[in-house]
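Chemist: First the structure, then my questions, so here it is.
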């Protein structure tokens, strides 16, 4: 499955172009620009599965570094600073990974069935 089956190619391109410069990536803005924040929890879970390259059920720091390339193969790699900031904002239990099955609250104040989806869609996040 490719991300273009869930998100429009134009929206993905717009989101990638917005963060071309090193240290310009803002997760909240990126997910808004690519349209992921408007998708259903099921679609968000599909996207999580694509980002979770090793299919472990978690997105670890090494996978997070390549998140832009999962949206567009020619995109840049996140800087260490961006990767750590994204992980810090999303890793609610400080275990060094973002979970999709309720094992990590991703910094949210309330619990739900699918935390990663909430992470992308909540307005109350403490991102960057």
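The backbone N, Cα and C atoms fix where each Cβ goes, glycine too.
Features from TrEMBL:
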- 52, 54, 56, 58, 63: Ca(2+) 1 binding site (BINDING)
- 91, 93, 95: Ca(2+) 2 binding site (BINDING)
- 39-74: domain 'EF-hand' (DOMAIN)
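I'd like to know what surrounds each of these features in this structure.
Modeler: Sorting the domain 'EF-hand' (39-74) by DSSP state (H, G, I as helix; E, B as strand; all else coil) yields 21 helix, 3 strand, 12 coil.
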Chemist: Let me know how many other Cβ atoms fall within 10 Å of the Cβ of residue 91 (Ca(2+) 2 binding site).
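Modeler: Neighbour count, Cβ to Cβ under the 10 Å cut-off: 24.
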